[in-house]
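**Q** Sending over a structure as structure tokens; questions will come in a sec.
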Amino acid sequence: VRTELEPIELEDGAAVPKEFANPTDDTFMVEDAVEAIGFGKFQWKLSVITGLAWASNYAMEMMILSILAPQLHCEWRLPSWQVALLTSVVFVGMMSSSTLWGNISDQYGRKTGLKISVLWTLYYGILSGFAPVYSWILVLRGLVGFGIGGVPQSVTLYAEFLPMKARAKCILLIEVFWAIGTVFEVLLAVLVMPTLGWRWLLILSALPLLLFAVLCFWLPESARYDVLSGNQEKAIATLKRIATENGAPMPLGKLIISRQEDRGKMRDLFTPHFRWTTLLLWFIWFSNAFSYYGLVLLTTEFFQAGDVCSISSRRKEVKAKCSLTCEYLTEEDYTDLLWTTLSEFPGVLVTLWIIDRIGRKKTMALSFFVFSICSLLLFLCVGRNVLTVLLFIARAFISGGFQAAYVYTPEVYPTATRALGLGTCSGMARVGALITPFIAQVMLESSVYLTLVVYSGCCLLAAVASCFLPIETKGRGLQESSHREWGQEMVGRGSHSPGVTRSNSGSQE
């Protein structure tokens, strides 16, 4: 490994604290530079652009599913299984592409993968507004889902520019942009659907992606990726740009470069050091999406029935209705969608408060546990008000757990496999989202209690899996390489500073 290290000279600059420039050999790594430069104007701009990708490419395109399905059900007289398939095909596209986008981002750069996925989603999002028949919109929405699968790579790029202290808080605040995107989509639907119809809604919902595509030209490539791919001059130029925008000094000395040609390889996720972590994370992400989207589906069923105990009798009445009966979304329905979305804000605030206090693993475990308890309490024949409180608490915590997973996953993998690791986890989440309609809708018809047991049991197992994760990333710098000698990004770089936590990734096993 040491024969692959290459020192790169930097131009003379301002003085820098000793913890970021070793007084003996004057060397530093990208992690040292990111910590020395700190959080400033550059990261604020990056936060807005990443949030825009999250809101326009993810939240709006996902929220539109709950608006488009009932509209096409009525307008095209679609049977219920075709309406459900319209939603499932988006998750199929996301599941099939998540690993691919992660591989592209590790092989060719985070910015490259993100730009291609955004342009892909923009093109097919607009095109789906011109679909003449059901089969066309089914294929086109599946292709939109294929593009949405690349959105998590914006988190990879974002995390690699954030200093350690700000990383968890900033990634968690992306959930705010998710809520903004969903609220904006509902308000857009209120304005567009009564007059222009669903085709214009699809087209207008894709246009914010055009703004992000333009802003992508401002985005730099990850300095960590450039270092790993051997493009040291570009990495230094990026770090200097960030230091200039933030008004902070660059570290002095030599940038240590690790040349590692094999990037984005699936086998790297199953090395002895990461095998157990990868398997546990796959189950955690699966459980998160399975429970989150399941709760969204169950909420409508429970609210319509009034309480859990009334669902069976209500089902019998529904079966007696004409199969072609349909109802367009009303203003009250849109109001309920807004309230459901706003219920996620408390989850973000709670997660934001505890994630740096108790750690990432315990935060995920707590989120799953609270969701499981709330699911079991639904067994009681509670009134409408208590039902609403339990559902909102459950959704707040499961959404907060989702964001904790988004913080933990980029932190635990090294730069060479970070995008692929996040991509495969996102793919497993889509598997959970694909399965959950069969539990929350099909199984619910036969037994509401068995349905709740499935969700509660799954989250209890996920809570245990979170506790058994072998690495806690709280207070740990992002790894540049998977080699043990390289797992010392924040170790031995001079005297320790109270504001900087240093840890050896080799000791995290």
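In case you wondered, yes, glycine gets a Cβ from its N, Cα and C as well.
TrEMBL: automatically predicted annotations, no manual curation.
This is the feature table in TrEMBL:
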{"type": "COMPBIAS", "residues": "498-509", "note": "compositional bias 'Polar residues'"}
{"type": "DOMAIN", "residues": "47-474", "note": "domain 'Major facilitator superfamily (MFS) profile'"}
{"type": "REGION", "residues": "480-509", "note": "region 'Disordered'"}
{"type": "TRANSMEM", "residues": "46-69", "note": "transmembrane segment"}
{"type": "TRANSMEM", "residues": "81-104", "note": "transmembrane segment"}
{"type": "TRANSMEM", "residues": "116-137", "note": "transmembrane segment"}
{"type": "TRANSMEM", "residues": "171-192", "note": "transmembrane segment"}
{"type": "TRANSMEM", "residues": "198-219", "note": "transmembrane segment"}
{"type": "TRANSMEM", "residues": "273-293", "note": "transmembrane segment"}
{"type": "TRANSMEM", "residues": "363-380", "note": "transmembrane segment"}
{"type": "TRANSMEM", "residues": "386-408", "note": "transmembrane segment"}
{"type": "TRANSMEM", "residues": "420-440", "note": "transmembrane segment"}
{"type": "TRANSMEM", "residues": "452-471", "note": "transmembrane segment"}
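Help me picture where these features are in the structure shown.
**A** Here the transmembrane segment (46-69) has Cβ contacts under 8 Å with residues 83, 86-87, 90, 114, 117-118, 121, 125, 144, 147-148, 151, 154-155, 157-158, 161, 170, 173-174, 176-182, 184-186, 189, 193, 198, 201-202, 205-206, 208-209, 211-212, 215-216, 218-219, 329, 337, 341 of the same chain, all six or more residues outside its ends.
Counting residues 6+ beyond its ends, the transmembrane segment (81-104) has Cβ neighbours under 8 Å at 61-62, 65, 68-70, 72-73, 112-113, 116-117, 134, 137-138, 141-150, 152-153, 264, 266, 419-424, 426-427, 430-431, 433-434, 437, 441 in the same chain.
Within the same chain, residues 47, 50-52, 54-56, 58-60, 62-64, 67, 155, 158-159, 162, 200-201, 204-205, 329, 331, 334, 337-338, 341-342, 344-345, 347-348, 351-352, 355, 399-400, 402-404, 406-407, 410 sit at least 6 positions outside the transmembrane segment (171-192) and bring their C-beta atoms closer than 8 Å to a C-beta of that stretch.
For the transmembrane segment (273-293), the list of distant contacts is 364, 368, 371, 395, 398-399, 401-402, 405, 408-409, 412-413, 417, 421, 424-426, 428-433, 435-437, 439-440, 455, 458-459, 461-462, 465-466, 468-471, 482, 509: same-chain residues at least six beyond its ends, Cβ to Cβ under 8 Å.
Long-range contacts of the transmembrane segment (386-408) within the same chain, counting only residues at least 6 positions beyond its ends with a Cβ under 8 Å from a Cβ of the stretch, are 152, 155, 167-168, 171-172, 174-175, 281, 284-285, 288-289, 291-292, 295-296, 298-299, 302-303, 307-308, 340, 343-348, 350-351, 355, 360-361, 363-364, 366-368, 370-371, 374-375, 377-378, 425, 459, 469, 473.
Remote same-chain partners of the transmembrane segment (420-440), defined as residues 6 or more beyond its termini with a Cβ less than 8 Å from a stretch Cβ, comprise 84, 87-88, 91-92, 94-96, 98-103, 105-106, 149, 152-153, 155-156, 264-266, 268-269, 274, 278, 281-291, 293-294, 297-298, 301, 405, 409-410, 412-413, 451, 454-455.
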**Q** State the non-local partners of the transmembrane segment (116-137) in its own chain: residues 6+ outside its ends, Cβ under 8 Å from one of its Cβ atoms.
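**A** Counting only partners 6 or more residues beyond its ends, the transmembrane segment (116-137) has Cβ contacts under 8 Å with 53, 57, 61, 72, 76, 78, 82, 86, 97, 101, 104, 143-144, 146-151, 153, 199-203, 205-206, 209-210, 212-213, 216.
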